[in-house]
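**Q** Input: one structure, supplied below.
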Amino acid sequence: MAASARRQRRSVLRLRRLIAHSVRLSWAADRRAFIVTASLQLLGAAVIAAQVLIVKLVLDAILEVTSDDAGTERVVVPVLLLAGVTALVAVSAAVQANQQRLLSELVMRSTWQQMLDVAGAVGLRAFESPGFYDRLQRVQTNALSRPYQLTQGLIGLAGGIAGAAGLSIAIISLEPTLLPLLLLAGLPLFFSSRRESRLEFDFAVAQTPRLRLRHYLGMVQTGRDEAKEVRAYGLAGALRERFDAVYADYTADLRAHLRRRTRLAVAGNLASATFLAATLLALVWLIGRGRVSLAEAGAAIVAIRLLAAQVTTLFKGAQQIFESGLFLDDLADFVAMRPAAELAEAGAPAPSSFRTLTADGLTFTYPGSTTPALDDVSIRLGAGEIVALVGENGSGKTTLAKLLAALYEPDTGAVRWDGADVSGYARAGLRQSVAVVFQDFVRYQLTARDNVGLGRVDRLSDDDAVAAAARRAGIDTVIDGLPQGWDTYLSKMFKGGRDLSVGQWQRIALARAFFRDAPFVILDEPSASLDPRAEHALFQSLRELLGGRTVLFISHRFSTVRTADRIYVLDDGRVTEHGTHDELMDRDGHYAELFRLQAAAYLAPQANLS
Ligand SMILES: Nc1ncnc2c1ncn2[C@@H]1O[C@H](COP(=O)(O)OP(=O)(O)OP(=O)(O)O)[C@@H](O)[C@H]1O
């Protein structure tokens, strides 16, 4: 008993908190729309109350006409009034529906804006945390449906409360003794609706992980990116079976849940009918005793029906808010991360270039990992130098590049520009001076112009510079040959869009980096998908293409690496060797071994295959 009371108190407290949060969310989304919606609710409640009073006037007039043989014209005014109020109810419902749709859309927009602000503000480290990523996914998945449900719930709840209050006032003004009777008739509905909303909430909470899995399994079978592999590995049948199994579990639970709800609805309605009969009998008794007139009794019956509808709306609203509760909690936690994220990215204005860039004893461990990806790594780049990073898979090359690009902070050690530790500079300012082509660069499903121009958004409309960057990357003729040239979407998702080959995409990514026009350029395997001629041309002209810029490039192809001014060899997160190609070959260490392995593979492929 005590436990159940505690649970109820917790539910009430939670509902109060959720309502406050929903109101804040709607208010922040658009004050005007919120005020208009709230005013319409109040108007709706007043009109419902007026309806009851007018019904009484109509009944009074009808009874007078029949008993006194008075002129039927006496009925005309109340009837017209009733028709007018009924029309007003219908009009207000239509306006409310539109207003609610608008408010839902505005709340959805505001939710997306808040979510994108946080996603853009947090450091890359956040994306390594499963907690952050899960929450982001949940907020994102729900951001499309929940705001609608939430505003509907809020409006339903407010409307239900206002309507019930309006009806109570109307009844009191008719005959105060009727009020307890009305409340009695509403009691079974009150309890059954509350129980139903609790059941629905528990069901929604319990099913969330399963529904998420079902959504994912559906997506993996319909996604464009996944389509190749699903076919190549013949996964369609197996994935479909999993989808069916998850769906079957869900429908089994849904059936059981709906059976419970039906039982509850039957019990609630039976109890309601019994209470209604008792209320009507009490009304007859009051009429017999002359305490209540026939017209008042008629109006009371109308009020009972209206009150039942209001109570149902009220509980449905509370239930919808409850169901959106998890989403609201996720959103609140997510948004709360923003100030700390912004603080972490803030700092003094960064210089726009450097004469020397050094990494001093960098150590870095990915969140959730136990072994460091970088262990006491030190390297140096002079302005205008081309420096290469080599090493086996997983040796830490990309991680080092990310630290130098100010995307991660080292656990210990420092990245220095002209001797100054860059951790004191604003991250965004630092990154402006760095252009990176990642191994897994982004293929923006936007126009060719955007794909290059996004390298530097403040110069996006500089068509000549965009075209020049494309020329340097050797992708200009491909773009000119597209159906709408620079305006062609590089995606089949859009009408007239075209996809490119992997190597052409890589050139687009290079063009984007060239367009950025930054003093420090990081190229992570920039030629992995280029044909031999294009790769040769790129590295032959790298100095000319990047005229005087400092370049750090990562490559597994030693033919390209040998042209670098200096080469750093990474092994298991540590720098094991460094020097020019000739120096490293003379040293006859790890680098020389890897170089010879690759050279031998080119020169005597048969021997390697055998
Ligand atoms: N996001 C991550 N979370 C946890 N560990 C990671 C993450 N990214 C990389 N690692 C680990 O850090 C180490 C270094 O990875 P990194 O990507 O820097 O290697 P790499 O030298 O660039 O490899 P490759 O030649 O395959 O591109 C590896 O052991 C890798 O498994």
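Quick reminder: no glycine exception, Cβ is built from N, Cα and C everywhere.
Note: TrEMBL annotation is automatic and uncurated.
Sharing the record's features from TrEMBL:
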DOMAIN    35-315  domain 'ABC transmembrane type-1'
DOMAIN    357-597  domain 'ABC transporter'
TRANSMEM  33-55  transmembrane segment
TRANSMEM  75-95  transmembrane segment
TRANSMEM  154-172  transmembrane segment
TRANSMEM  178-193  transmembrane segment
TRANSMEM  264-288  transmembrane segment
**Q** Are the transmembrane segment (33-55) and the transmembrane segment (264-288) close enough to be called in contact, which here means at least 3 C-beta pairs under 8 A that are separated by 6 or more residues?
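**A** The answer is no, given that the two segments have fewer than 3 Cβ pairs within the 8 Å cut-off.
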**Q** Going along the chain, which residues at least six beyond the ends of the transmembrane segment (264-288) come within the CB cut-off of under 8 Å?
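**A** Residues 177-178, 181-182, 184-185, 187-189, 191-193, 195-196, 199, 294, 297, 300-301, 304, 308.
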**Q** In this predicted model, what is the average pLDDT of the domain 'ABC transporter' (357-597)?
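**A** PLDDT averaged over the stretch: 91.
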